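Novice: Below is the structure I would like to discuss, written out as C-alpha cells.
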Amino acid sequence: MEYKISNRLKIGAIIMIVLGVLGVAYGFMDSHKYENVKDVETLLNNEASHGGGHVTEAHGVEAHDDSNAHAVDSHSQDAHGVEHVDEDHGMSHEEHVLHQIHNRPWSALYVAAFFFFMIALGVLAFYAVQYAAQAGWSPVLFRVMEGITSYVLPGGAIVLVIAFLADSHLFVWLTDGITDPDSDKYDALVAGKSGWLNKPWFFIRGLIFLAGWSTYRYFSRKFSVAQDNAELNDNRNFKKNFRISAAFLVFFIYTESMMSWDWIMSVDPHWFSTLFGWYLLAGMLVCGVTVIAMIAIYLKSKGLLEHVNDSHIHDLAKFMFGFSVFWTYLWFSQFMLIWYSNIPEEVTYFVTRIEDYNLPFFGMIAMNFIFPLLLLMNSDFKRVNWFVIMAGVVILCGHYIDIFNMIMPATVGDRWFIGIPEIGSILLFGGIFLWIVFTALGKYPLMAKRSPFIEESKHFHY
Amino acid sequence: MEASKVIHAIYTDDDVLMSAVKKVKAERHHIEEIYTPFPVHGLDKAMGLAPTRLAITAFIYGCIGLTVAVVMMNFIMIKDWPQDIGGKPSFSYLENMPAFVPIMFELTVFFAAHLMVITFYMRSRMWPFKKAENPDPRTTDDHFLMEIAVHNNEDSLATLLKETGAVEINIIEKEEDAH
C-alpha cells in the first residue's frame, strides 16, 4: 500500500509549527519583561496585594484541611530548609524568582521536545523487541513503527540543542562558579559530581547515545526495506536485523538509563534515584505503543493498512494497558520508598511536587493509571478503535504531565502554569513530529512484504 | 425418571470434529455435549456457546478484596488505635495510604484469584470425590466424542454423523439424572 502525506496533514503540521513558534516567541518575550530584580519586586508586591500569589495560595488551601495540617507543617519546614540552602548561594528571593521566570520558556521547550523524542525512542525499543523476540503478530506494523522512529535523530538533536542553548536555565550544575570553592555560588554537592556532570562530557555522552540509537535505526530500516525485494527464502536481511536488534537492546538499556540521569534527573542535581531509568523507560514504552496504535488506526481508517485487523489493535491496547500498569508500579515504587523512609535529602523531591504541583502530580496518576486500568481492562473495548484512540489521548496527556512534573519543579518551582509557552512548545514539536513521521511513512510501501513472519501476521487473530 | 436415548459419535481428529460440529449445527441438531482430551481452539464458537462471565466475577471479587483491605486497615490503623509508629501520619487514611497500598494490592489479587477459582469449580461442578462423568475413557486420551439427543431420528442422525467422519457411532440408553 502506497501512502503519501496528504496536503491537509501537511498544512495542519505547518499551522501547528507556526502557532508553536509564535507561542514560544511570546513565552520568551513575556518572561523577559522582567529584566532585573526590581521588576520582580513590583511583581511580588502586586501578587501580595492581590491576596497572594501561587505560594501563599497553595499553602492556604492545604492549611484549611485540618487533618492534613500536621503533615503539611512538617513538610513545609523541610521545603523551606531546602530553599534556605539555595538562598545561601548568595541569592535573594527576588533574584530566585527572576531566574524561575526566565527558566520557564526554556523548560516548556525542553519538556515538549523531550516528550516527542521519547515517543520515537520508545517505539524504537519496542520495534527492536519485536525483531529480537521474532514476534509473529507485529510485522504488518513494522512500517508504521519505522515511520515513527524516523523522529529519533531529529528529535534527539533538538533536545540536545535546547539543552545546549538553555544551559544553566535548565541545568543548575552548569551555573558559572558552582564548582569553584572561592565563588559565592559554590555548591559542594554539585562540585563532587562534576566528574560526571560537566558540560563537555554531558554533550559527548549525549552524542554517543544519539549516534548509537540512530545508527541502529538507520540499519534496521535499511535491512527491513531490503528484505522487501529479497528472493523467496532469502532471509539474510531479516537475520541481520534480528542480530542488530538484540545488540541494540543491550546498548539501549545502558544508554537509556544514563540518558535518564543526564537529560532528566540532573535538573535536580542534589537528588538521585536508582530506578529512575526504568521509570522513564516505562513511560516511553507506553507513549510509544500508544502512538503506534493511534497512527495504525488512522492509516487503517484511510484504508491503507488492509491487513491490520482488530486483533492487532487489541494487542497494542493490551500493551498500552500493561505498560501503563508497569509505569504505575515503578512510579509508586519510587514514591513509596522515598515517602516511607522520609530521608530529608531524598524526600524534598516529592515535597516540592506535592506542595506546588499537587494537581498535576496526582492528576497524572488518574490519567496514567486509573483511567487506562478501567477503560482498557475489558477485552471487547480493546477492539473498539475510537475507544483506543480516546484512551490513547488521555495516556499521552498524562505522560506529558509526567515529564512536566520531572522538569518544571527544578527550574520554575511554584511559578508553573500550562499556558502559552507550554502549549506553544507542544504545538511546535507536535507539528515537527507529525511532519517527519508522516513523510517517512510515505517513503516505502506500508506492508513489509517479505518478512518471514508476514503471513502469520496478516492472519493474526486473537 | 424418564429414559432417553443419545447418540455418541466418536472422532479421532480435532479438525474432523470441528467440521463435524459445523455440519451438525447446520442441520439444526442440538449438540448436548462434546468430550475432548484437550482444549480444541474455536470449539466453543463453533458450538455457539455463550462466552464465559468468569472475568466479570473476578473483577467484582477484586473490588470486594480492595474494599476489605481499605475498611480493615482504616479501622485498625486509623480509627481504632491511631498510634504513632515511626512517625507515620495516622491522622487519616489518605495521609498514610502509601504504606497500605501493598496490602490493598495483594488482597485485591487474592480475592480476585481465589474466589474466581472457587466460582469456576462450583459452576463446572468439580470437587473431590465427585463421580467422573466420562462416557468413554478414550476421550481423555486420544478420542473425541460428540453427544446428541435422539428424537426418533436415529437412522438419519447416524448417517449424517457417519458422513462427517465419525469412526464409531453408539446409541446409548441413558437414565436422565438430576442435572
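Note that Cβ sites are derived from N, Cα and C of the backbone, with glycine treated the same way.
Found this in TrEMBL, in case it helps:
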- A:12-29: transmembrane segment (TRANSMEM)
- A:108-129: transmembrane segment (TRANSMEM)
- A:141-166: transmembrane segment (TRANSMEM)
- A:202-220: transmembrane segment (TRANSMEM)
- A:241-264: transmembrane segment (TRANSMEM)
- A:276-299: transmembrane segment (TRANSMEM)
- A:319-339: transmembrane segment (TRANSMEM)
- A:359-377: transmembrane segment (TRANSMEM)
- A:384-404: transmembrane segment (TRANSMEM)
- A:416-441: transmembrane segment (TRANSMEM)
Novice: Are there residues at least 6 beyond the ends of the transmembrane segment (A:359-377) whose Cβ is under 8 Å from a Cβ of it, and what are they?
Specialist: 286, 317-318, 320-321, 324-325, 327-328, 331, 353, 387-388, 390-391, 394-395, 397-399, 401-402, 404-405
Novice: Using Cβ distances below 8 Å and needing 3 or more such pairs, separated by at least 6 in sequence, tell me whether the transmembrane segment (A:12-29) contacts the transmembrane segment (A:416-441).
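Specialist: Contact criterion met.
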Novice: Of the stretches A:108-129, A:202-220, A:384-404, A:416-441, which racks up the most C-beta pairs under 8 Å with the transmembrane segment (A:319-339)?
Specialist: A:384-404
Novice: With the transmembrane segment (A:416-441) as the reference, which stretch in A:108-129, A:241-264, A:276-299, A:384-404 has the largest tally of C-beta pairs below 8 Å?
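Specialist: It is A:108-129 that shares the most Cβ pairs under 8 Å with the transmembrane segment (A:416-441).
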Novice: Which residues of the same chain, at least 6 past either end of the transmembrane segment (A:384-404), have a Cβ under 8 Å from a Cβ in it?
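Specialist: Apart from its flanks, the transmembrane segment (A:384-404) reaches 111-112, 114-115, 118, 264, 283, 286-287, 290-291, 293-294, 297, 300-301, 310, 313, 316-317, 320, 324, 360, 363-364, 366-368, 371-372, 375-376, 416, 418, 422, 426.
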